[in-house]
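What follows is a set of notes on a single structure, which appears directly below.
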Ligand code: SAH
Ligand code: SF4
Ligand code: F3S
């Protein structure tokens, strides 16, 4: 028997890439690879990349530069680039970095084993097709190994929304939903392997419309079906678009026992003029109405969002409208970014906001968001929350888990293991976490 080959995967970008990397590692297991945690001892390195902002894309080339020495020392080392940069740049990657052996776009991952066989013969392999056959159902290896208490499960991929700033519709392709029975099978497998909480993933996960036994099912129906899976304790989903928050999904937040009271609902900006130019197809008021309805059915729900500052032609007044919207919503957490010009997207052609103005706006926006986040976290002190424990903490005897609102919660207690759920009385709020005692 020959020793297994070692595969090092480095993952950038969103949760969907994390999920894809797991699937690719499983698929490569069939080619005799085991995963390793360092590039140094790898026989193959795979970068799973992100193209969302300029910095994300440039990281790939600087990381590849670092592998030059490794390839000289070990000429058999194979280097591959997957993910959204692979899709966007294709062959260009091999031109800029000739030591790259393989380039594979997100919709072709099921072809990775054949591609690996090809590069082992010393050839190059490139695949950035959007093939007809669905990658997922060919990619699922269904291993039985135990795993941690939380998992991602991609149910929808791609985007038809074409926001004026965004590369995702070009890198991930059109919206596709996986059939309900496949999702349920994968969820049951995960639960058998120790998973207690599943986060359903999609670039527009609430646009989900997967084939079910009696026609297409929406995300709310899928969540209700998952609610019946024994052993599964918690359901989350991300990322959602405000326009796809239909009545059934809003109501599920009030009625569905396993659906967590937390929602990531990006808005990007608070000025209707900017939202229109972003091609977001919702207004600040329609977004606020969705939040209001969610709070009617689930008053304790925590809202999280994404923001872009310095979108082309954003004035100080427009920016102020974003701050006003944030004041109105009160976010439990948020991600905020300076607008980054992406070649090939419509906004790249518009008059740009100067960099120092973007910096200034980002600082002011983040100061407000941090204040809100801290306030909502501090408000948890004295309350009881449910915690799903994930791993030991830094101090002896400590365990860390997540509340239903996704706060990290520390507890010092005997006999608590990863995967356990317990009620915890919150005693203290620290910079990025809460601590408390078991009830
Ligand atoms: N599908 C999700 C998220 C897509 S990308 C949605 O519609 O919300 C994640 C976040 O990256 C976006 O919500 C947006 O805030 C940010 N983003 C996307 N393109 C960007 C760009 N060109 N510059 C800066 N931020 C960007
Ligand atoms: Fe990008 Fe907009 Fe699609 Fe989200 S909805 S992935 S921001 S184009
Ligand atoms: Fe990045 Fe692609 Fe995800 S561009 S954010 S890895 S969909």
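Cβ from N, Cα, C; glycine included.
Where the annotation comes from TrEMBL, it is an automatic prediction and has not been curated.
According to TrEMBL:
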DOMAIN    5-121  domain 'MTTase N-terminal'
BINDING   14, 50, 84  [4Fe-4S] cluster 1 binding site
DOMAIN    145-378  domain 'Radical SAM core'
BINDING   159, 163, 166  [4Fe-4S] cluster 2 binding site
DOMAIN    378-439  domain 'TRAM'
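Each residue contributes its Cα atom, and for residue 50 ([4Fe-4S] cluster 1 binding site) and residue 163 ([4Fe-4S] cluster 2 binding site) those atoms are 17 Å apart.
Across the range of the domain 'MTTase N-terminal' (5-121), the DSSP-based residue counts are 61 helix, 24 strand, 32 coil. Neighbour counts were taken as the number of other C-beta atoms within 10 angstroms of each residue's C-beta; across the binding-site residues 14, 50, 84, 159, 166, the minimum falls on 14.
Within 8 Å of the Cβ centroid of the [4Fe-4S] cluster 1 site, not counting the listed residues 14, 50, 84, the chain contributes 12, 13, 16, 17, 49, 51, 52, 56, 83, 168, 171. Among the binding-site residues 159, 163, 166, no residue has its Cβ under 6 Å from any atom of ligand 3. For ligand 2, the neighbouring binding-site residues among 14, 159, 163, 166 are 159, 163, 166, by Cβ distance under 6 Å.
Note: the domain 'TRAM' (378-439) comprises 1 helix, 34 strand, 27 coil (DSSP; helix = H, G, I, strand = E, B). Checking the binding-site residues 50, 84, 166 for a CB within less than 6 Å of any atom of ligand 1 leaves 166, listed in sequence order.
The local packing around residue 163 ([4Fe-4S] cluster 2 binding site), expressed as other Cβ atoms within 10 Å of its Cβ over all shown chains, amounts to 21. Apart from 159, 163, 166, the [4Fe-4S] cluster 2 site neighbourhood in this chain, defined by C-beta within 8 angstroms of the site C-beta centre, holds 161, 162, 165, 167, 168, 169, 203.
The CA atom of residue 163 ([4Fe-4S] cluster 2 binding site) is located 17 Å away from the CA atom of residue 84 ([4Fe-4S] cluster 1 binding site). Averaged over the domain 'MTTase N-terminal' (5-121), the predicted model reaches a pLDDT of 95.
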